[in-house]
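Database features (Swiss-Prot):
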ACT_SITE  193  active site, proton acceptor
BINDING   29-57, 99, 138  NAD(+) binding site
BINDING   106, 138, 169, 248  substrate binding site
């Protein structure tokens, strides 16, 4: 007796069992779900997998997204605490970890999160050995280093979301003061995602016009217009949002979706993301910091050799020293 489906359809060829643009999000907290929704909203993947240890919440989030499938271009959304569900992922976004508390420095989080990552990273590599891992959990630069060490993957396939969001915040705040759209204001935040990030004032421009040439004091304490306040706002913005709503999620979710889009579509766009910087700008230790990097289908394929002023290089080295002072004491690696 033929089933309804057999009466409805005549098979012609076997459907592909392997997804071509699968993305996994590890961790279904506020940040993880913002990443998932932003990725789905862009229609980037043919399959989305979610992983978490909280089974009820995980199943609930999966079902909630599945029920919206009619409005999406991703027809397959799966979830499980077993990492087998992540098999054949092109990109794995890691958002899991203990959450930052109000007023807590990102660096204070690190040792608490190392233990969490030991249960995550080897499982990712087991089921998706050819994936690129995008680390979002804070403190992101050190946890990207931890991921690189635990995964055994080449450095171009372990990337931290880094200062991509800091750069977006910077461009937004600069553009607000200038009365233009953020896409028309070009500037970069490098170094550590967080307290010791570096604003590259020498490179800020609008339509190729250097703002520091118009105002040589820009970014210094001698600036009567106090543009340095913009970078201070960038550094403090996450803490402010956490104070107001308890966490940050939407901006980082949108930032992560853009990074995934650049890699999946092989767009070769330049992003400020965390990468191994040993050997650049006189940095001697195995630390991950954000530099302008070209992302493609292969992962991180090039680093832009940005011309920095001496004080900017000094700040970058200070960022590296800040991170290394924590990293060198990490245990169970």
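Cβ from N, Cα, C; glycine included.
In this structure, of the binding-site residues 138, 248, the smallest number of CB atoms within 10 A of the CB marks 248. Nearest neighbour of residue 41 (NAD(+) binding site) by Cα distance, taken over the recorded positions 138, 169, 193, 248: 248.
Counting every protein chain shown, the number of other Cβ atoms lying within 10 Å of the Cβ of residue 49 (NAD(+) binding site) is 28. Ranking the binding-site residues 33, 37, 45, 53 by how many other Cβ atoms lie within 10 angstroms of each Cβ puts 53 at the bottom.
Among the recorded positions 57, 169, 193, the residue whose Cβ has the fewest other Cβ atoms within 10 Å is 57. When the binding-site residues 33, 49, 57 are compared by Cα distance to the residue listed as 'active site, proton acceptor', the shortest distance belongs to 33. When the alpha carbons of residue 49 (NAD(+) binding site) and residue 169 (substrate binding site) are compared, the span between them is 29 angstrom.
With every protein chain in view, the residue among the binding-site residues 29, 41 whose Cβ has the most Cβ partners within 10 Å turns out to be 29. Spatially, by CA atoms, the binding-site residues 33, 45, 57 include one closest to residue 138 (substrate binding site), and that is 33. Per Cα geometry, 37 is the residue among the binding-site residues 37, 45, 53 nearest to residue 169 (substrate binding site).
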